[in-house]
Structures are given as structure tokens and as C-alpha cells.
Amino acid sequence: MAPAKNDAGADIPLLPKTKSNTEENQLLILRAVFNVSTSIIGAGIMSVPATLKVLGVIPAFILIVLVALLVDISVDFMLRFTYAGESSKTYAALMNESFGKIGSVAVQIAVMFTNLGCLIMYLIIIGDVLSGQGEHLGVLQEWFGIHWWNSRNFAILFIVLFVMLPLVLYRRIESLWLSSALAVLLAIVFVVICSVMAIIAILKGKTVSPRMLPQMDHQTSFFNLFTAVPVIVTAFTFHFNVHPIGTELGKPAAMSSAVKISLVLCAAIYFSIGIFGYLLFGDSIMPDILVNFDKSSGTSAISSMLNDIVRLSYAFHLMLVFPLLNFSLRANIDELIFPKKPILASDNKRFVSLSLVLLAFSYIAAIFIPSIWYIFQFMGSTTGVCLAFIFPGAIALRDVHGISSRKDKIIAVIMIVQAVVTSLITIATNIYNMSGNSS
């Protein structure tokens, strides 16, 4: 990675490795790891077990590892070109440097669709946890019975007003590092409890034997396997927060280390929850695994208390992730609509108005969209692959600073081709399946 440069363009020498500097760097990396990991681990973890049902254990593990490796490479492209330039303080500015206004607008639109989709998914999942979905009851309904005040619409509205709103009003992303740390802890607690449940179920002989490879029959075509790819891609897409976190961190090497640590941590969490969730519920697993953790799931190996802890811990996790994605969404919308205005955080009226509009739209969409799987399919095969692979690969190929090696360009081409081909197959397969179901 290229070193940082001063105003004159000269390399800034590294600071002496004193004990205080080392401890400070470790603390900075730790905070960045919390923010990056929280940006990654969002709603994606809920649908990872469903991808194991589609692909089988071995292909799903390989896919998680490959996507994580490609994401690490794509973020490395972004960081190298960011610090090689002088004005690339945001993802949009980085694309503008390589492709002009068209490039920056493309990124802003992709970030808007991706982040807004994620925020809507979070509210849908929180609604599933509190008020249930279909025949599956929510926590509030199991505790107090079915009433108007624990209906889906009212429960989500309460969370938006009294939890989300205070968090999204923070002006600096660094201020959210403590809530990010708690969010990562809750995600780990979620995985640990699921693993304990799976082990208990194994000892009692209540688990389902997982398929190592995909099951191909007259109902499942080879192309249906590609529908799992967008879910994993979306689960690892956090590129919209690379610049906000990296800028406040201020140290390229520290950001690169934080990204690598976060990707390893998140890949381990994804595969763990995937295999344990699949062991518990088998082919009956829902696109949102939290829906399976209710009294009507028929899983006798787990107690009602553990069911509630699992669902509530992850619902709280998503509440803490929400402001991180909202931060980059709000910044990109403001940059697109008000490019000449001062920094958003310095304009109270603009800041508060945009925050309220985004919260209101997310709430309304969450009420009318029935399942997170549809959003995953759309984002993962369109805006998600653009942000994660196509745009970073295009930046490396354009190479406006002349720092891409031959190897970089070959990897960039492979990254773009696989993203485009996989997305086209996924979109075509979904259209075919929808037309088949309608007929």
C-alpha cells in the first residue's frame, strides 16, 4: 500500500515504534475492526444457513472463503488508489477521479440502493423477532399474547422512534465504535448459543444430517445454485464504509490490517452459524433463520428461554448496526443532491431532515415488503456486486495513478467477469422461476 503524502507530495515518514505509538495503533485497529465487522455482519448472517441448504456444506464453505478473499483484494485496490490520490475522501470521489462525474454518480446510486435495502431488511428482521411472521409468533406475542401494541407495525415504529433515531443523530462514525463493539459481541453470543443448541441436539439425536454437496433433481436446476451467490456477496459488502472508517483512522496500514482481521472473523462467524443453523433446522430453515426460533418450530432440543435469547440478541445487534449503514447512506445522498453545500454534519437542518426522511422511508418499506430474501436477491445481483467487485476492479484497470501491476489487472478482469456472469445467471434464473411459479 502506498504511504501517505503531505501537501507537497512527499512521503510522510513512519513514526518511531515506541511503546505508546504501538499501543495507540493497536487501539485504533481494534476500534476499526469493530466498525468494519459491524458493517459486514448485518442481515446477511440470517440467510447464510439457507445458502447451505441450496449449495451443500462444502460448496458453501468454498464460496464464503472465495468471496472473502475477493473482498479483501477489492478493498486493497480502493485503499491503494485512495492514498495515491489527493482528493479521494469518499468512494464517490475515488470513482470520480477515475471515471469523472458518471463514476461518482454510479457509486452514489449503488450505495443508496444497497444501504437502503439493508436498513429495510434490518427493520423486517426486527419485526419478525418482535411480532413474528405468518404462523411463527414473535417474542412479544409469546410473552403477552396478541395485542394491537405488539403488532408488527407498532413494534417497528417504537424501535425506530426510541432506538434508531437517537443513534442515527451521531455526527461522527468514530463515535459509534462502542456500539459497534457491543454489536460484534452480540453476534458472537448469537453464534455461541446456536452452537450450544446444535451440540445439545446432536447429543439427543435430534439434528438433521447436512448435505455435503447440492442435491440435484428435477426440481433443482444447476443454475438455481447461483441464486445463493448474491446472498454471500451482500453479506460481505461493506465498501461504502471503507472511506468513512479509513479517513477517521488516518493510517493506511492500520485500515488494511483491520479489514483483514474483520474478514477472517466474519467468515468464521458466517460459516459457524450456517452449519449450526442447518444442523438444527435442516431443509425447513427459513430465509430469516430467526423465524425458526419460536415455540412452533418443533425443535424440542432447545428451551424457550434460549430461543428468546437468540432472537433478541440478534435483534439488538441489528439495532446497533443500523446507524453505521445509515451514516454512509445519508452522506452519499447528501453528496449527490447537495454537492456544493458545506459538510452535512455542520448543517443541523439538512442533517436532521435527511435523517428523518430516511428513517420514515425505511419504516414504510419494511411494513410492505414481506421477506428479506427478495431484497438479498436484488441487491446481491445488482448494486452489491458493483460496489464490492465491479467498481474496484474498474478502478484498478483504469489505473489513473499508474500503480496497478500486471497481476492486479488480471485479478481485476477476473473479478469483474465473475461478478457480471454470476449476476446475469442469477437474474435470469429468478425470472425463469417466477414465470414458472405464475404459470
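Glycine residues also receive a Cβ, built from the backbone N, Cα and C atoms like all the rest.
Feature list (source: TrEMBL):
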- 27-48: transmembrane segment (TRANSMEM)
- 30-429: domain 'Amino acid transporter transmembrane' (DOMAIN)
- 54-79: transmembrane segment (TRANSMEM)
- 105-126: transmembrane segment (TRANSMEM)
- 146-169: transmembrane segment (TRANSMEM)
- 176-202: transmembrane segment (TRANSMEM)
- 222-240: transmembrane segment (TRANSMEM)
- 261-281: transmembrane segment (TRANSMEM)
- 309-329: transmembrane segment (TRANSMEM)
- 350-369: transmembrane segment (TRANSMEM)
- 375-398: transmembrane segment (TRANSMEM)
- 410-432: transmembrane segment (TRANSMEM)
Cβ contacts under 8 Å made by the transmembrane segment (222-240) with residues that lie 6+ beyond its boundaries:
36, 39-40, 42, 44-45, 47-48, 50-51, 54-55, 59-60, 63-64, 67-68, 71, 74-75, 78, 91, 111, 114-115, 118, 214, 216, 263, 266, 270, 325, 328-329, 332, 376-377, 379-381, 384-385, 387-389, 391-392, 422-423, 425-426, 428-430, 432-433
Count the CB pairs under 8 A between the transmembrane segment (350-369) and each of 27-48, 54-79, 105-126, 309-329, then give me the winner.
105-126
For the transmembrane segment (146-169), what are the same-chain contacts with Cβ under 8 Å, counting residues 6+ beyond its ends?
123, 126-127, 130-132, 138, 140, 176, 179, 319-320, 322-323, 326-327, 330, 351-352, 355-356, 358-359, 362-363, 366-367
Test of understanding: applying the rule of at least three C-beta pairs under 8 Å (pairs 6 or more apart in sequence), is the transmembrane segment (105-126) touching the transmembrane segment (261-281)?
no
With a cut-off of 8 Å between Cβ atoms, can you find at least three pairs linking the transmembrane segment (309-329) to the transmembrane segment (105-126)? Only pairs 6 or more residues apart in sequence count.
yes
Using a Cβ cut-off of under 8 Å, list the residues of the same chain at least 6 residues beyond the transmembrane segment (176-202) that approach it.
31, 34-35, 37-38, 41, 45, 167, 170, 265, 269, 272-273, 275-277, 279-280, 299, 301-302, 306, 309-310, 313-314, 316-317, 320-321, 323-324, 327
Which residues of the same chain, at least 6 past either end of the transmembrane segment (105-126), have a Cβ under 8 Å from a Cβ in it?
42-43, 46, 91-92, 94-95, 99, 155-156, 159-160, 234, 237, 240, 288, 290, 314-315, 318-319, 321-322, 325-326, 328-329, 332-333, 335-336, 358, 361-363, 365-366, 369, 371-372, 375-376, 378-379, 382-384, 386-387, 391
